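The structure appears below as structure tokens.
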Amino acid sequence: MGRIRLLATGGTIASRSGAAGRVAAATGAELLARVRVPDRVEVEPVDAVTTGSFALQSTDLEALLRNLAAALEEGIDGVVVTHGTDTMEEVAFLAGLLHADPRPVVFTGAQRPDDDPAPDGPANLADALRLAADPHARDRGVLVGFDGYAYPARGVAKADTLGAHAFTAPGRGPALRVAEDRVRSLTPPSPPPTLPVRPGELVLPRVDVVPLYVGADAALLHAAVAAGARGLVLAAFGAGNATPAVVDAVRDVVARGMPVLVCSRVPAGPVAPLYGHGGGADLQAAGALFGGDLSPWQGRMLLATALACAAEEPAVLVHRWLEAGGDGES
């Protein structure tokens, strides 16, 4: 019999409607009561936090990671995390950076609330439990299971604000499919790289995302530094371009010891140091790192976790992680 730990954190899957709008209220046990649990699977629900994922703070994430690590240390066969979809791509990716274990960890949620006449949460949760108990889901790191498909955390992105097929993985696609009570493998298992920090020791520093837009100056970048950011991620144009003013500011903060990671505003494709006059070639010359095909939001989690590692310089850790994941230029 497989033992699965259900870590409930709130989100739409746990939300109910009221005068103040939808609010996360259902417990993990209540969610589980609406689901047909797979045969020979025992599920242990634990309420880690109950809120919308848009309201989560770094301390909530650190506590969730400690809960996840504790479950694995207790000999659980797999973990399911119910979570709001707004930030699932960030939190699942963060969990994956620390999950050096073959056992499945599956994030899932819902687009319609618990009290909807036709909620999608019960089916998603049932699929996630099946995934967490299935050998096909081993050695794949952390997964996001939604609407019959499971995606590796790296590269997954919310692609629809309200629709049931909420997630996609631009340029990558799903790894597994759940249909007719079976898990089908779509890609071979491949354990993703991790970073050398224990969940119980992780304290996430402030890392801010600076968006690029036509005519952008360095005001937002300077504001982030003044607010106490220890690292910056550029949500850059195209394949990793900025403006001359932003390049000058990047050169200055890198010279003062602050890492800057370049990611793209574009949903698919890697960044590369190609253009001058404010482009990626200038950013590379200014000392910025290039984040492969990571979104700015996942790039932020990578840089923050690298900064939290005391073992090595964050730039070295980011470069090594990207190389291990198949990104040649960082």
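Glycine is no exception: its Cβ is also placed from the backbone N, Cα and C atoms.
Keep in mind that what you see is a predicted model, and the values were worked out from it rather than measured.
The 10 Å shell around the Cβ of THR12 (active site, O-isoaspartyl threonine intermediate) contains 26 further Cβ atoms across the protein chains shown. The active site, O-isoaspartyl threonine intermediate annotation in TrEMBL covers THR12.
Summarising the annotation, TrEMBL assigns active site to THR12 (among others). In this structure, THR12 (active site, O-isoaspartyl threonine intermediate) is part of a helix by DSSP.
THR85 (active site) is surrounded by 25 other CB atoms, counting those within 10 A of its CB over all protein chains shown. For THR85 (among others), the entry in TrEMBL reads active site.
In sequence order, THR9, GLY10, GLY11, HIS83, GLY84, THR85, ASP86, THR87, MET88, VAL91, GLY109 are the residues near SER53 (substrate binding site), counting only same-chain partners six or more apart with C-beta under 8 A. Marked as substrate binding site by TrEMBL: SER53, THR85, ASP86.
Residues or ranges marked as domain 'L-asparaginase N-terminal' in TrEMBL: 3-187.
Across the domain 'Asparaginase/glutaminase C-terminal' (206-311), the DSSP tally of helix, strand and coil residues reads 39 helix, 20 strand, 47 coil. Under the heading domain 'Asparaginase/glutaminase C-terminal', TrEMBL lists 206-311.
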Sorted by sequence, non-SER53, THR85, ASP86 residues with Cβ within 8 Å of centre, substrate = GLY11, THR12, GLY52, PHE54, HIS83, GLY84, THR87, MET88, GLY109, LYS158
According to DSSP, which of helix, strand or coil covers THR85 (active site)?
-> coil
DSSP, reduced to three states, assigns SER53 (substrate binding site) to helix
